[in-house]
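Some features that Swiss-Prot has for this protein:
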- 1-45: region 'Disordered' (REGION)
- CYS33, CYS47, CYS50, CYS56: [4Fe-4S] cluster 1 binding site (BINDING)
- GLY86, LYS87, GLY88, GLY89, VAL90, GLY91, LYS92, SER93: ATP binding site (BINDING)
- CYS259, CYS262: [4Fe-4S] cluster 2 binding site (BINDING)
Amino acid sequence: MGPSLETPEPVEDVLANPLKQKPQLVAPEPEHCPGPESEQAGTADSCAGCPNQAICASAPKGPDPDLPAITARLAGVKHKILVLSGKGGVGKSTLTAQLAQALATNPEATVGVMDTDICGPSIPKMLGVEAETIHVSGSGWSPVWAADNLAVMSIQFMLPNRDDAIIWRGPKKNGLIKQFLKDVEWGDLDFLLVDTPPGTSDEHLSVNTFLKESRIEGAVVVTTPQEVSLLDVRKEIDFCRKAGIRILGLVENMSLFVCPKCTHATEIFQATTGGGRALAAEMGIPFLGAVPLDPRLGMACDYGESFFDSFPDSPACLALKQVVRGLAGQIGLDPKEVVPEG
């Protein structure tokens with residue numbers, strides 16, 4: 001008989017309380033056990049004589065006491081938007097950085113970026129603040145300002161050496177994300193973009209739980225045209241629906257390569273099943289646009305420079321602005337006010 005996986009925990013239970021750690025029991029749960037994570041754990045009549053009684057009775061119960069503090073801290077943030085992808089390497093962090101810079105081209109807007117890709121933080125590099133550190137005051141942590149109206153928070157600012165690996169399990173990641181939300185002086189922001197790691201992991205569950213009371217506006221999902229990427233994006237969309245996260249739209253990244261010399265468009269990654277636009281129609285979600293592959297965008301990220309300042313007329317720049325305008329429309333804002341024409 002081959003190896004088998006344990007019966008997975010119902011997804012509804014995980015989403016309802018992903019941060020509560022199940023107590024380490026010393027004996028199997030008896031027949032009439034109320035459940036080691038229930039409010040009656042260790043105190044119900046059926047717990048009498050159980051070897052696990054003391055363990056269950058001392059385990060933390062009830063809602064997270066820090067949630068009201070998070071809600072209060074983020075009271076001045078108007079729109080909280082997650083950026084998700086089912087697969088790594090599709091340009092999710094790149095898109096997050098470009099969305100932030102596009103929104104920040106409006107001098108009337110104040111934008112924040114929270115990097116929750118704990119094990120692979122790349123946002124500081126892309127926004128040109130990799131060498132900065134966090135300043136702590138009596139009222140909390142100060143974010144790093146990449147521009148007068150663009151604030152950034154990432155674990156990268158806390159590393160002694162920029163090449164240090166972060167080898168953490170879920171609880172420690174959850175704790176840092178909570179600190180980013182509860183202890184950082186975000187102040188008044190028009191937009192807070194949350195860059196996440198690929199897939200559906202502890203970081204996603206934590207952010208969703210911590211922001212539940214202060215309301216997430218929704219999520220932007222990033223893909224590339226090929227089916228191997230779309231396959232994982234379908235799972236990401238399913239996660240959002242089960243978690244109650246509104247999908248603001250799908251962005252197809254690296255859709256075409258437009259030659260900067262002759263402007264001829266070449267399909268590098270073939271959309272064998274119709275690409276992002278077809279998937280959006282299939283899943284019933286908005287399609288925000290397709291961003292062409294432009295090596296100059298990668299170069300701008302490497303140097304931490306604004307792609308919008310360096311190549312304002314490039315097809316990728318124009319496409320990114322259209323994505324942001326489409327996103328603005330989804331959250332009830334005037335697209336032309338969010339990213340002015342020209």
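Quick reminder: no glycine exception, Cβ is built from N, Cα and C everywhere.
Distribution of Swiss-Prot features across the structure.
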{"residue": "CYS33", "record": "[4Fe-4S] cluster 1 binding site", "Cβ within 10 Å": "18"}
{"residue": "GLY86", "record": "ATP binding site", "Cβ within 10 Å": "23"}
{"residue": "GLY88", "record": "ATP binding site", "Cβ within 10 Å": "15"}
{"residue": "GLY89", "record": "ATP binding site", "Cβ within 10 Å": "10"}
{"residue": "VAL90", "record": "ATP binding site", "Cβ within 10 Å": "25"}
{"residue": "GLY91", "record": "ATP binding site", "Cβ within 10 Å": "22"}
{"residue": "LYS92", "record": "ATP binding site", "Cβ within 10 Å": "26"}
{"residue": "SER93", "record": "ATP binding site", "Cβ within 10 Å": "26"}
{"residue": "CYS259", "record": "[4Fe-4S] cluster 2 binding site", "Cβ within 10 Å": "10"}
{"residue": "CYS262", "record": "[4Fe-4S] cluster 2 binding site", "Cβ within 10 Å": "7"}
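In this structure, the CA atom of CYS56 ([4Fe-4S] cluster 1 binding site) is 36 Å away from the CA atom of GLY86 (ATP binding site). When the Cα of SER93 (ATP binding site) is compared against those of the binding-site residues CYS33, CYS47, CYS50, CYS259, CYS262, the shortest separation belongs to CYS259. Using a 10 Å Cβ-Cβ cutoff, CYS56 ([4Fe-4S] cluster 1 binding site) registers 24 neighbours. Rounded to a whole number, the distance between the Cα atoms of CYS50 ([4Fe-4S] cluster 1 binding site) and GLY86 (ATP binding site) is 43 Å. The Cβ of CYS47 ([4Fe-4S] cluster 1 binding site) lies under 8 Å from the Cβ of CYS33, PRO34, GLN40, ALA41, GLN53, CYS56, ALA57, each of these being in the same chain and 6 or more residues away along the sequence.
You'll find the Cα of GLY91 (ATP binding site) roughly 25 Å from the Cα of CYS262 ([4Fe-4S] cluster 2 binding site). Closest to VAL90 (ATP binding site) in space, going by CA atoms and restricting to the binding-site residues CYS50, CYS259, CYS262, is CYS259. Recorded residues CYS259 ([4Fe-4S] cluster 2 binding site) and GLY89 (ATP binding site) have their alpha carbons 22 Å apart, per Cα-Cα distance.
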